[in-house]
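Peer 1: Provided herewith is a single structure, encoded as structure tokens, for subsequent inquiry.
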Amino acid sequence: MSSSPVNVKKLKVSELKEELKKRRLSDKGLKAELMERLQAALDDEEAGGRPAMEPGNGSLDLGGDSAGRSGAGLEQEAAAGGDEEEEEEEEEEEGISALDGDQMELGEENGAAGAADSGPMEEEEAASEDENGDDQGFQEGEDELGDEEEGAGDENGHGEQQPQPPATQQQQPQQQRGAAKEAAGKSSGPTSLFAVTVAPPGARQGQQQAGGKKKAEGGGGGGRPGAPAAGDGKTEQKGGDKKRGVKRPREDHGRGYFEYIEENKYSRAKSPQPPVEEEDEHFDDTVVCLDTYNCDLHFKISRDRLSASSLTMESFAFLWAGGRASYGVSKGKVCFEMKVTEKIPVRHLYTKDIDIHEVRIGWSLTTSGMLLGEEEFSYGYSLKGIKTCNCETEDYGEKFDENDVITCFANFESDEVELSYAKNGQDLGVAFKISKEVLAGRPLFPHVLCHNCAVEFNFGQKEKPYFPIPEEYTFIQNVPLEDRVRGPKGPEEKKDCEVVMMIGLPGAGKTTWVTKHAAENPGKYNILGTNTIMDKMMVAGFKKQMADTGKLNTLLQRAPQCLGKFIEIAARKKRNFILDQTNVSAAAQRRKMCLFAGFQRKAVVVCPKDEDYKQRTQKKAEVEGKDLPEHAVLKMKGNFTLPEVAECFDEITYVELQKEEAQKLLEQYKEESKKALPPEKKQNTGSKKSNKNKSGKNQFNRGGGHRGRGGFNMRGGNFRGGAPGNRGGYNRRGNMPQRGGGGGGSGGIGYPYPRAPVFPGRGSYSNRGNYNRGGMPNRGNYNQNFRGRGNNRGYKNQSQGYNQWQQGQFWGQKPWSQHYHQGYY
């Protein structure tokens with residue numbers, strides 16, 4: 001770690017953001033990412049001959065006693081500090097981020113002895129940031145980097161950092177700043193999201209041991225800043241290894257781990273309201289345009305259906321989005337034009353050595369997937385000057401950029417079908433030749449694939465093309481209707497749409513069933529699962545870049561988060577869907593299915609025999625590696641609930657064990673889970689807080705009553721200048737207007753002091769989230785009283801905000817606020 005006086009590991013999230021703002025760096029992201037970014041900035045300041053910010057210059061002074069405080073102590077101090085309102089808010093947020101003890105258990109399992117105290121706290125805090133952050137869950141980056149650096153930090157057993165002589169703080173050699181930073185070739189500036197190469201655990205440990213030997217042999221010149229003399233080097237190095245331990249890196253967490261974490265959010269969320277119906281648009285079906293049915297859910301198409309872009313908010317910036325035109329052709333000489341109108345900025349991603357903007361344009365069959373160039377009979381020309389088909393790439397033509405126009409030609413009249421391109425009117429030659437026998441008369445459809453870019457099409461609707469085309473070619477819109485082939489159409493009514501929810505433990509065989517069922521019904525279903533999200537992230541070239549920078553784990557972490565938003569979008573589309581997730585808890589089943597009101601809602605339960613399940617999980621672990629901790633599987637077994645037809649399903653199918661046999665097996669699983677796992681922590685209802693002179697939030701009125709805030713015998717009997725009644729008592733502060741509100745009765749139990757009227761109350765008859773705070777206009781609606789202050793921090797707001805799809809911030813990506821109507825998504 002750095003020798004800077006700012007101990008990054010001891011800072012809270014608010015302090016990390018403050019330090020980053022002072023250095024004009026972004027303060028968005030998870031706690032571990034903020035730590036990494038700040039540490040990199042401090043290292044660069046030292047390497048550049050500029051001392052890190054001193055405490056006297058505005059930096060936080062964490063030396064002395066404050067450096068020795070544990071993370072739990074800091075949280076307690078934060079909860080106790082500030083005024084009374086901030087105290088209650090922090091207590092509420094601690095209750096929200098509890099995660100039923102799951103994050104704590106995961107941290108204890110994955111941490112080493114030296115990091116056992118800090119790991120669970122940080123993972124819980126990171127989960128709280130992700131759910132209740134200021135940016136509504138808009139948090140990008142990888143927290144695994146912060147965990148690894150923390151596990152490798154120079155700490156003793158109590159989390160204290162050894163004091164270092166100021167004179168040695170400027171002597172850290174550049175080669176000791178970390179092999180990861182050298183591999184990225186970075187000499188100055190903040191660390192980017194993808195710029196650090198993560199070494200395997202064995203290599204990391206070997207580097208630490210080799211570094212220890214060099215320090216011991218090389219004396220003070222090459223040693224760690226603040227280290228003892230050369231004679232004590234070996235002793236301290238050995239002691240440091242024992243105290244520090246080896247923390248399990250986050251790369252060991254596979255896809256199942258992040259699915260498990262995301263699934264847990266449903267157990268603490270409120271049931272969402274059904275989404276707003278999609279507007280029925282009357283559109284001329286004979287016009288060639290972008291097809292709103294044959295496109296990705298996150299492919300945002302304009303009202304006129306002639307321009308589009310990929311969604312770039314939150315983790316969607318990692319995804320590629322594609323779409324096809326509504327008509328294809330199989331004869332003649334046909335063309336269309338595509339213009340790159342914008343490379344959409346994605347400032348919430350800190351990227352380097354990664355291409356985050358890309359466009360592929362070309363042709364494909366209607367049976368091909370949306371990832372242009374990744375399958376057979378899918379032909380694309382890339383913005384990078386590369387042609388792609390069936391994942392095979394080859395240099396072609398030249399690169400193109402914003403405001404360039406690409407004309408795509410298809411010649412079906414030659415001996416072989418020829419696909420060629422032109423850039424800004426300049427012919428680039430033939431890119432692909434397809435055998436007519438192999439193509440077998442099947443039509444080719446215009447197809448585009450975008451990655452954080454916006455495009456515009458001319459299928460022939462413009463009076464004048466962007467650039468002149470050869471006389472023998474015709475725009476596809478001008479081809480006679482009988483010579484065009486219409487792409488597949490979706491259901492016309494929502495009652496004709498079908499949603500199938502898979503239910504089963506990880507590795508039970510759900511994806512196998514989905515693959516088989518989709519193959520039996522080609523083109524019918526859109527599969528919503530982590531695998532499909534990963535496919536849209538890991539397009540061949542992008543996957544290689546991510547692998548080179550060691551950030552594939554970032555995609556695994558973001559995929560389940562994107563999937564939740566995909567489900568919300570899907571509920572507004574008239575399509576058929578399969579939800580390929582575990583969905584074992586009744587809460588997850590109910591909250592997802594209530595979004596699809598009006599659909600034919602079906603459940604498919606995959607529950608094999610216990611012996612078969614063990615064999616399948618063992619086989620999966622051998623092939624893919626174990627990606628889910630054992631205790632997480634046990635908890636899912638304990639939460640496994642079979643669906644009921646009367647609740648939210650119209651039809652339930654049991655693939656292997658039938659309902660009676662499956663129910664017996666689940667009872668066995670629940671007993672196994674109960675014996676193996678510790679008792680779950682009860683959710684904080686506020687009743688225990690009363691013994692500590694704390695307010696009973698969400699139980700009684702804020703202005704008084706038995707446990708009211710500031711009421712009799714609360715907060716040490718502090719009556720704050722008034723009679724021994726509640727906070728809104730009669731003669732409080734010299735007959736000033738009463739602050740408390742509520743119904744009838746006395747201000748405090750047993751005291752005959754009248755209360756204030758209901759409507760001017762600061763928090764009326766019920767809790768803080770009820771009715772009003774300072775008058776009838778609501779700060780929080782009447783029913784939003786579950787997690788305090790009326791903000792409804794449940795599933796359908798803030799980080800999981802359903803309403804954000806209907807509000808302005810979703811459409812704040814200029815210039816799309818002028819081109820797209822808000823009701824579309």
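Just so you know, the numbers here start at 1 and follow the chain as drawn.
Including glycine, each Cβ sits where the backbone N, Cα and C put it.
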Peer 1: Among LYS12, LYS516, LYS659, which is annotated SUMO2 cross-link in Swiss-Prot?
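Peer 2: Candidates were LYS12, LYS516, LYS659; Swiss-Prot attaches SUMO2 cross-link to LYS516.
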Peer 1: Look up SER59, SER188, SER307 in Swiss-Prot and give me whichever carries the note phosphoserine.
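Peer 2: Record says SER59.
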Peer 1: Look at the recorded sites LYS524, LYS574, LYS635 and tell me which residue has the greatest number of other C-beta atoms within 10 angstroms of its C-beta.
Peer 2: LYS635
Peer 1: Counting Cβ atoms within 10 Å across all protein chains shown, which of the recorded sites LYS495, LYS536, LYS609, LYS664, LYS670 comes out on top?
Peer 2: LYS536
Peer 1: Rank aside, I only need the closest one: which of the recorded positions THR286, LYS524, LYS565, LYS574 has its C-alpha nearest to that of LYS536 (SUMO2 cross-link)?
Peer 2: LYS565
Peer 1: Please work out the number of neighbouring Cβ atoms within 10 Å of the Cβ of THR582 (phosphothreonine), leaving out its own Cβ.
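Peer 2: So the number of other Cβ atoms within 10 Å of THR582 (phosphothreonine) is 23.
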Peer 1: Using all protein chains shown, find which of the modified residues THR286, THR532 scores highest when you count other CB atoms within 10 A of its CB.
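Peer 2: Selected residue: THR532.
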Peer 1: Here's one to test understanding: among the recorded sites LYS495, LYS524, LYS565, LYS635, LYS664, whose C-alpha is closest in space to the C-alpha of THR582 (phosphothreonine)?
Peer 2: LYS635
Peer 1: Which one is it, among the recorded sites LYS574, LYS635, LYS664, that lies nearest to LYS609 (SUMO2 cross-link) by Cα separation?
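Peer 2: Its closest listed neighbour, by Cα, is LYS664.
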